[in-house]
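Annotation comment: TrEMBL describes 669, 670, 671, 783, 827, 861, 890, 971, 972, 973, 1055, 1061, 1084, 1085 as ATP binding site. The domain 'P-type ATPase N-terminal' annotation in TrEMBL covers 186-235. The feature region 'Disordered' is assigned by TrEMBL to 1-123, 144-184, 290-341, 718-738. Summarising the annotation, TrEMBL assigns transmembrane segment to 214-234.
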């Protein structure tokens, strides 16, 4: 075939008028599939390519020869704007070619026979080929003119993308050349991390602005600049510029050093190398389209009579030839070639782009927000085997990667590396893998401690659509994701598998399969791959659009109360400076009035004298005050960090250590803060009887009797199923009917707890002893405690992956229960419950189970507040949950519902449709679950989990209460649980009454409920309020509530949301103007901690998120006593004395200057000149400053023994930096300055 066909198919498509008649003058014998596929021994193996059957070529020619009225649409692609005359030329050109095409496409007997064989699929196959040509032409940047029907079949992708909401992004996996993508080009930010605060150009302006926006520095800048004016010059310019320059240089140097360190860390992260799969379009077509056929036998048919005679001579055997072609096409049309070839390259993190496929290994940081495509073991890739599609016996078509589908005359051989890479890395999909199995996905664990502070491993799953797909087919995947979002626990997206290019034209372009993407398929930037797996992941968000970057907001700049007080005192000093200057100017004017009248020309203007006095008295506002205070803060932070009595304490905000000595309200979380967050299953109740303590032995006996007869060699290797449990003779052999019912209830309860959870068992082998230990990974300590309890009573979770859970009998060691996980509904703070749909396996070997024998059960557990409306009506749930809560136990309600296959299929269809929605997905899925599953569940029982108090919590709370600190406990537990913990922890003192407000729904009764607390006796009571009532007060009676609550010694708020915790902290701060500290250990406490004046975070079982967000990080609650009553008290007293001393030092010099000026008739003459004044403010008085930073008025044990000493700091008249203390120091300064100057005179 002529070269223009190659250009049309593979490169920018020219307009049809570029073709000549020669393009269709084909010699039929040269297109014979038998002779064309005969290999030449001199050719390389990968050149024995597959050829295009003639029938497909004829369909394409027929499509080009269609009448003009069917082809008057605009050209598609880059040439799509050509209309009018171009279309006329195209139609004329087609008519000119019709004669030359007649021998090839003649409607003779052979053609009729062929048409009769293919009439059913002719139209669809033609459309399929034309749609492929359109897509490839569009990818090459060219244009093909096609009928409207063909474009409707194959060109709809772009329109679909245009209809997508602007809040979503669609990307192609693998990032092939932009021209090869049907998606519109979109510019995404670079994946560069930049935590630098300044740029080289903005460093100096921004730092100077940050410094001179403070009154101190601006004041001294104006004083220094005044020395440039000769009339105002007091001494050397350097004596005024040097102190200011020193302060600025220290600040600028610190900022520059910190920013350089940030840039260095950014450079290390941005330069970290990652393996990336680089895809290239498969170049098989470069050897296609009737190219080299073994011996260069292609010959163009000559024009004119000779060519026509040769065509006529071949018409007689065309019938046989076409029949052979039909059989050849049937043999080759199902053979697929890889979509793309790829090589593994290395890229730095900053060069990663959206759509890149990165390869991650164990302990490697995730460089961007990614969606996991595939996960497999680092030793053996655990993927389904992909066998090439079976080929007919007579077919000579090689396997994928060995050759090309088409050949082109004159085209150079493709590089060996590309074909070898594709042959090594890609296998064609078999028919069995056409429909993805949602359960066939890989698992991987990630650590998110650097993202959200949680230390537990999180399970992540590869999307099944990509897990079962060869890597060479990744460019067929198209992802749709939501807009960049800062929520790390939420993600909505879809993944689509586009149809595969198929040269027989059987399939039209479109979407083959589509599956939803959730948070379980993602790994965010700065997380770490924890499991020993290799992960292929596609980059979705980069740089500033990642979750980590969006969640890193600038922390609130906290200004301590000490600095606000010093700022107020500074204003008084400035007023004193102005008053003293004015008095001296007036005195000077009176003293020199006679001289001024006699010599008016020699008198200095009064305003110049006023300015000179202001400069002389500038020492009243000390320039070294800020430097001295910052030095003191650093020393205080060092003392806290080095204190062996509170090990592990970290000062994250060194600007507010004095605030620790001013706390009047402490808001504390309960779980993990007052308690250890070490859960232990203490009780369970199954409706008629409860078990706890030694009675758990009876539970163990029931479990052993129920499950020990299953698994292994017993009962023909059958596993336990609900139906098998009904026929279990071991339960009916002995005992009364009531006891049998109790045993059944206990068995069902333990089984539900062993299946309905998010716990994953992990095993580790000790390299020294070889012992294998099992540990559990879960996001909640409650979950681990329950699973450990099920193992203790005889049913252990021995294995779990995304598809199944295996339970083993601890007495026999045999697998007794195996369930297939069909759906999981994870726990959220909004739903307060989790559920799982499980299919029980009858045999350990799934091949023994026939269709319809498996049993499907829906298990669910959650808080009693939500489960009470889901389970069937009963008369014991509320009573028993209340009893457990009064014992301080955390309760969960467990339910079950048996499902038929028809019920599950209906749910599955509705749930799948809801899961594909890009807007309102969570709400839609919740509605489906509620309508299909969460109705009339059988109530199995209640669990009671104990969370023990942390060490020394009782003594710590009592000490803080004696120190005058009002303590509020904010928790999400039940009212009864909160009351029990408040009493056991001594938060509520003995004999103190607890006023409870719970279940308040009408605002009319809200004020009446607060009435008892507003009396004199009520002010000594403690308030217990639930979240519902609290929400009502915050909405309608905020001032009445807070004005009453802040006067109470203790407040307990239960069923409290994270938002309510933060609102309470802000409300107390705004109403009382007192210092508020908040302490917590979990991610739900972060908002409260950030809203406080002082945030305290505990490194707990739930992670380090609260610790990272806090100003001070602790390891246990008891350390707060020493931090406040010792370090906080010392820090505040030292800084207060230091500030007063520095002001006192400046006032003495100013008073001496004033006395000196008075002695000379009010003349503005400097007493201390040049460097003498600089030395006085620095080295001459350095020793007192350091002594004050290290000062202590009492020993540590006395400060803790008498916490009432801390109460004095919050008492305004007795405060070290009160107005009373300030004026006492001012009077002392006046006295000493006058005495010193007069004595010296």
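Glycine residues also receive a Cβ, built from the backbone N, Cα and C atoms like all the rest.
Taking the features listed in TrEMBL, we show where each one sits on the structure.
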{"residue": "669", "record": "ATP binding site", "contacts (Cβ under 8 Å, 6+ apart)": "969, 970, 971, 1061, 1079, 1080, 1081, 1082, 1084, 1085, 1088"}
{"residue": "671", "record": "ATP binding site", "contacts (Cβ under 8 Å, 6+ apart)": "677, 947, 971, 972, 973, 1081, 1082"}
{"residue": "827", "record": "ATP binding site", "contacts (Cβ under 8 Å, 6+ apart)": "758, 780, 833, 834, 862"}
{"residue": "890", "record": "ATP binding site", "contacts (Cβ under 8 Å, 6+ apart)": "679, 782, 944, 945, 946, 947, 973, 977"}
{"residue": "1055", "record": "ATP binding site", "contacts (Cβ under 8 Å, 6+ apart)": "865, 972, 973, 974, 975, 1026, 1027, 1028"}
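The local packing around residue 1084 (ATP binding site), expressed as other Cβ atoms within 10 Å of its Cβ over all shown chains, amounts to 20. Secondary structure counts, DSSP: the domain 'P-type ATPase N-terminal' (186-235) has 25 helix, 0 strand, 25 coil. Here the Cβ of residue 972 (ATP binding site) has 24 other Cβ atoms within 10 Å, regardless of which shown protein chain they belong to.
Max Cα-Cα distance over the annotated ATP binders (669, 670, 671, 783, 827, 861, 890, 971, 972, 973, 1055, 1061, 1084, 1085) is 26 Å. According to DSSP, residue 972 (ATP binding site) is assigned to coil rather than to any helix or strand. For the recorded site, residue 890 (ATP binding site), the DSSP three-state label reads strand. Confidence for the domain 'P-type ATPase N-terminal' (186-235), expressed as mean pLDDT, is 82. Under DSSP, residue 671 (ATP binding site) is assigned to coil, being neither helix nor strand in the three-state scheme.
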